[in-house]
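Below: one structure, written as structure tokens.
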């Protein structure tokens, strides 16, 4: 495993940590989700190029398609939250609070 | 120039730290765009011409634009950047410090005997081409195989996108 692979996996882990911690905005976690998808795309493309196995390039393309779907649904939820509460602050989502 | 790929991956990690330290989302989007550009150049350096182009078009041109104007709709009056407030700045500095120390540690390794990570097998990163039809091989063949071996996958993915649009409309409808 070369240091470039290590750096890309580190980028994935940093985005994962950023997605799991909330500060004030919800859309910041969606951005970290996008970062995770991008690091997975880069990793899969590098593996496809370095093992000289171009058929594996199907996987990052399909990953990008489903990441786009996921982004669309996440942003739609964000818009509906923003329509209800005015902003997408995380502390507005307290209906299930005991 | 020999370490260009490693330098770009370090810049990628720094860009990722930039939006994972959670500034206001408009600055996070900016950091994600910069990380996307760096990642695309990484992909291009390894010979993935088609995948780099697709990443620019679909990812940066499509999804980031959508993120940009959605964030513009749901943003506050005084967005906090990396320099305002100790939380974001602290997260950014901790991330950058971690990456710098990791780079220095990796560069101090001589042999990849004790540790897995090392520079000893960077010969794998050489991209070679066979003779004949050298201009149309590469990544484009894999993307073309998507429509040959994976035609049912293309149908399913297209149908998923269509249903996703319908789901989005139903969510945003509200009542």
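First residue shown is number 1, and so on along the chain.
Using the three backbone atoms N, Cα and C, a Cβ is placed for every residue, glycine included.
Over in TrEMBL, the protein carries these features:
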SIGNAL    B:1-15  signal peptide
TRANSMEM  B:25-44  transmembrane segment
TRANSMEM  B:56-76  transmembrane segment
TRANSMEM  B:88-107  transmembrane segment
TRANSMEM  B:149-169  transmembrane segment
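The list of residues near the transmembrane segment (B:88-107) in space but at least 6 beyond its ends in sequence, with Cβ under 8 angstroms from a Cβ of it, reads 10, 13-14, 17-18, 20-23, 80-82, 117-119. Cβ atoms under 8 Å from those of the transmembrane segment (B:56-76) belong to residues 24-26, 29, 32-33, 36-37, 40 of the same chain, restricted to positions at least 6 beyond its ends. Same-chain residues lying 6+ beyond the ends of the signal peptide (B:1-15) with a Cβ under 8 Å from its Cβ atoms: 31-32, 34-35, 38-39, 41-42, 45-46, 95-96, 99, 103, 125.
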